[in-house]
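Student: Would you mind keeping the following structure in view while I ask a few things?
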Amino acid sequence: MDVYRIRISVFFLLVLLTFAALTTATNIPRRQLSNKKYKGPCRAENAIDKCWRCDPNWAENRQKMADCALGFGSNAIGGKLGRIYVVTDNSDDDVVDPKPGTLRYGVIQKEPLWIIFGKNMKIKLSRELIVTSNKTIDGRGFNVHIQNGAGIKIQSASNIIISNLRIHNIVPTPGGLLRESEDHVGLRGSDEGDGISIFSSHDIWIDHISMSRATDGLIDAVAASTNITISNCHFTDHEKVMLFGANDHYVLDKDMKITLAYNHFGKRLDQRMPRCRFGFFHLVNNDYTHWERYAIGGSSGATIISQGNRFIAEDELLVKEVTYREKLTASVAEWMKWTWISDGDDMENGATFTPSGDQNLLDKIDHLNLIKPEPSSKVGILTKFSGALSCVKGRPC
């Protein structure tokens, strides 16, 4: 009898262990094993990264990257036609007369510049960083943090590329005198604590940025900003992630066109991934693994095309829906006219997407500069290397 009981006990122990293993496998973090640090040979998994990442000579030909943008921001060349400017000083003590060698000194120059960094840096901006036209901020090769101070402001500018930075813990900073360009000092009000703020600007490409914990938005684009691509970025730990269009009265935002491609919207995000007004927004092959209220929201007739994305809903039954329409400004009859399309998206853990408007629009917009979506089953691979990269000179990135 004792032997029989031992055998029964062992049997049930094995059953429990097997069940625990299966449960653990089912509840592996949402990015699963793909989020572990990769140590193998270079793998460029999406169309943008394939353009430059696995070239071991990327550091000798940095400006090749300017040919790699896709989507609505594909014409952004940044400082491709200019010289290299090296940031050697991480200070930001004088915002009216910034020192040569600082990041602030580089971004206000009249000439096109490809701005790189001479070492690992943690930069605390005393005031918002005003980036003028024809500039690239290229953090490849070093770990560059913009942290614990103001964020980046792109205002009335064009041809901007921002790549491979870690932007986090951004806070509002007070108003006052600030050099806005090489030959102009302006009196500015306080800022809101955005990570990157785009105001009345065009031809912008933001790529491979790791962002978390700003005060207002991580990335906001307003005041008729257009022709923007945000790609290969990793977002975590924030409430209101992206705002495209500041209010429901600024109708000039109808010309806004923004591409989101190959981004990972990760842990502890709440809403606005993005929140859109008026314009045309193409969301392609992004990985939405967390949202607490909603993922994609909008109003004022925004057109939203979601293609080949992966949406993994939270377990909470009340937040399975991906989309949110601002019902205070529109009746059901009105928002049902807004064209929101889900095409080839992967809906997991009960996620739902409520479509509306012209579901045949994709057949009518071949002339637009849209990234061709890959199957949503590949999203985990396409976004595997999202966020700032750890690039080493002389090796594939």
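Glycine is treated like the rest: Cβ placed from N, Cα and C.
Found this in Swiss-Prot, in case it helps:
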SIGNAL    1-25  signal peptide
CARBOHYD  N134  N-linked glycosylation site
BINDING   D191, D216, D220  Ca(2+) binding site
CARBOHYD  N227  N-linked glycosylation site
ACT_SITE  R272  active site
Student: Quick check: of the recorded positions listed here (N134, N227, R272), which one has the Cα closest to that of D220 (Ca(2+) binding site)?
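Tutor: The smallest Cα gap between D220 (Ca(2+) binding site) and any of the recorded positions is with R272.
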Student: So among the binding-site residues D191, D220, who's got the most Cβ atoms within 10 Å?
Tutor: D220
Student: Just to confirm: which same-chain residues, 6+ apart in sequence, have a Cβ under 8 Å from the Cβ of R272 (active site)?
Tutor: G217, K240, V241, M242, L243, G297
Student: Which one is it: of the recorded positions D191, D216, N227, whose Cα lies the shortest distance from the Cα of N134 (N-linked glycosylation site)?
Tutor: N227
Student: Just the number: how many Å between the Cα atoms of D216 (Ca(2+) binding site) and N227 (N-linked glycosylation site)?
Tutor: 23
Student: Beyond D191, D216, D220, what residues of that chain have CB atoms within 8 A of the centre of the Ca(2+) site's CB atoms?
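Tutor: What remains near the Cβ centre is G151, E192, G193, D194, G195, S197, A214, T215, G217.
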Student: Near the Cβ of N227 (N-linked glycosylation site), how many other Cβ atoms are there if near means within 10 Å?
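Tutor: Other Cβ atoms within 10 Å of N227 (N-linked glycosylation site): 22.
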Student: Which of the three DSSP states, helix, strand or coil, fits N227 (N-linked glycosylation site)?
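Tutor: In three-state terms, N227 (N-linked glycosylation site) counts as strand.
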Student: Provide, as an integer number of angstrom, the distance between the C-alpha atoms of N227 (N-linked glycosylation site) and D191 (Ca(2+) binding site).
Tutor: 24
Student: Judged by the number of other CB atoms within 10 angstroms, which among N134, D216 is the least packed of the recorded positions?
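Tutor: Each of the recorded positions N134, D216 was scored by Cβ atoms within 10 Å; lowest is D216.
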